[in-house]
Amino acid sequence: MRLLGRHKGIKPHLTRLCDAFDIAEDTAMFRRFRRILARQKAQLRSILSRLRADQFDELTARQLRSERVTALMNNLTPFTVFNVIAAVFMVYWFVDHGVDSVLFVWVAIQISLSTVALIMRLRRDRMRPYSGSERTTRRIVHQSIVMASCWSIIFFYLLPVSIGHDQLIINGLAVGGVILGPTVLHPVPSAALAWLVTTASLNTVAFFLFGDVHLVAAAIMNIAFTLVAGVNCIKQSDYMTRQFIIRESLQEKQDMIALLLKEYEDGVRTWPWECDSYGRITRMPKAIETLLGQAREGLSWSIRDLAGVNNRQERSELSGVLSRPRKFHDYLVSFPRADEESLWFAISGKPIFGSNGDFLGYRGLISDVTETKLAEEKIKFLATHDPLTEMPNRTLFTDTVDPWIEQDRPFACLHIDLDRFKLVNDSLGHAAGDELLIAVSKRLRRCAGDAAPNAICARVGGDEFLAAAPLRQDADDKTDEAPIQDLTRSIVDCLAEPFELQGGTVTIGGSVGYALFPEDAASLSDLTNRADLALYRAKSEGRNQFRRYIAGMDRRAQNRKKLEVSLRDAIDRNELRLVYQPIVELDSGVVSSVEVLLRWNSAQHGFVSPQVFVPIAEESGLIHEIGEWVLLNGCRAATDWNEKVSLSVNVSAKQILCPGFRQSVLTILQETGFPASRLELELTETVFLEEANLALETIAQLREHGVRIILDDFGTGYSSLSYLQSFAFDKIKIDRSFVSSLQQKPVEGGATSDTLIRAMISLAQMLNLPVTAEGIEEEWQAEELRRLGCDYGQGYLFARPASDYDLRRMIGMNPGVEDKQTPSSRDVA
């Protein structure tokens, strides 16, 4: 501060700045700023730790250090040229400033250091590779410090005798040195950082000691430049390290492939051959003739014929090799055959010369490498294709699409998911699942080929596929989405058709989400994520359809993910609660059964509606655990109720179609001692939409044990009547939408809810099925339903959802001790 204080122009500003920081130090914002700095410091320390070569084994670390030193040495030429040019320029500019002797000594040192560095590089290029030892790295760091010191020390002599434009020139040279050093030295990050710290420190001290107010400001800016250059240096070094790791990984894979190919060497057959100066074969073993068989008939039997008659390119290349009388080794040619795989030969030869030096022809070895070549091609195929369906895998998909992105070529990315594959796989076995995947892959290839010939379709997961298809643009660079919509629609339609498997006919369907490049994302990873969000929207809206990505899906997906994470721990955190709503006889008002309802009061999200968290539980698979918890605790609570009061539990399609659902229900009944005859399971017709036979079988088995089955939301679906014919339910439940639209007065024209309810009740009476109407809130609604012949009612008119404690008082039982964790009816209604 004292050093800066002598500059009259900036002292008042610095004083006010320091006072502001003194005031801010006690504020919450300043403390938050310090925490941010601490986090940034930790992140920087983490990045620096990744740059250390000792995180690898010794051999790999030496290779990495050797590559870094080699890259640094390759950058020395522009560095030395800059040093020499800068030195000459400074002599030219400052020769008459009174520091001639010092300046000439400094210039001589700079030119000497640059020349020595350049000579060392040129000599080493002709010798062995650069050493990867730690000693070499330390030596480079020390040399960087020396050169940086030599570069910046001259400013201590020039600044005192410089004014105006001279100081501007010095500032430019200082900035150039700060920036150029890390640019050249970044392959060895420790050397680059040593250069930065040395030059920045010496430059700053020189500017503060001898510069005017403008150079002091420039010194502060130089510090900022130093920080930016340091961060950029670290990022470049980190990128170089990652590239090294990638190359090492690829080399390991190549070595593995080479090892696999080595196993075939023993089976490769090799024979001698000779030809004259015209290429006509004069010596060829019978084995080759046997391999070629009838295919050689009509040939001139030249060495060129091994490339085949119609393969003009290979024949021309082989002729070019033979036209130059020089040695060649393992030249590969393929001999195509009509009905079989092509034969592959590796030809090696050396020229034959007569005593007078005339070229007589070639003599060499020919090897049948067909098996090796086919094995190599198979390995390459397996590396880029799915082994089950032989579709491209994610690797080939990425390799195909990446060039489109680099060329800014518009295309659509489609994420395809089979809707009911898991059900087929679990019920019919993995063999049927594999057969289904093969059939699906054939359909997808056919659909993609018909709708978009340049499209690629790949299998990337169990029942997940990715597809990409180029897009056309008009003269105004507007993308034509119609072909992509046709493609997605054809995919959905072809997947909706039945599949004929050995185990029978199955229908699964599929959903598609797609996003466009570059409109929706600029990278492949972001684009696939957007397509996945669109796929989720398609599946959540009913499946067997397609959706395009639109802005805002990211936010909704994040909110849903947060709810899913909280829901996973809701049982353990005691956030789920059961409430009960009575169902009464409309004639007598007596409670006949009680429906158990689930409520979630999240500590993080507050009260969450069942309409929100139940679909999340179904899609994430949590519905099985939550459903068992509801059934278990509901049966425990109902055990002490009046024996004439039944317990009604809602069951989702996911639960019914789970293979272990039936056994789970029976186990809970056995553990709690609750009679099966008092348990009612409410099902909607969505249970039968996915796998009707399995659902009917499961509920039939439960009904054999005494459990009663209720068809809920009757009248809202497409096939309610057909399910009444295919299965004997114990009761039907009219949806609240019909009750809420009841008219106090008749309406002329059209079918009113009164008419529809009367028809449903009449149908139920013909089938001897009791009828329950839900959503009754007014007395006149209850009277009208009673007049129409409805047996039971449920709604706010009779009781709101209540805790077990309040329910016991409601139905005239001893409530016992109230569970303090159970909310009252006022809290949960």
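Quick reminder: no glycine exception, Cβ is built from N, Cα and C everywhere.
The feature transmembrane segment is assigned by TrEMBL to 72-95, 101-120, 140-162, 168-185, 216-234. The domain 'PAC' feature in TrEMBL is assigned to 329-381. The domain 'GGDEF' annotation in TrEMBL covers 409-551. Here TrEMBL flags 560-815 as domain 'EAL'.
DSSP places the residues of the domain 'PAC' (329-381) in helix, strand and coil in these numbers: 12 helix, 28 strand, 13 coil. For the domain 'GGDEF' (409-551), DSSP puts the residue distribution at 62 helix, 38 strand, 43 coil. Taken together, the residues in the domain 'PAC' (329-381) have a mean pLDDT of 80 on the 0 to 100 scale.
Outside the transmembrane segment (140-162) by six or more residues, the chain places 69, 72, 83, 90, 94, 97-99, 102-103, 106, 109-110, 113, 170, 174, 177, 181, 185, 188, 190-192, 194-195, 198-199, 202-203, 206-207, 209-211, 215 with a CB less than 8 A from a CB of the stretch. If you look at the domain 'GGDEF' (409-551) against the domain 'PAC' (329-381), you find fewer than three C-beta pairs under 8 angstroms, all six or more positions apart, and that falls short of contact.
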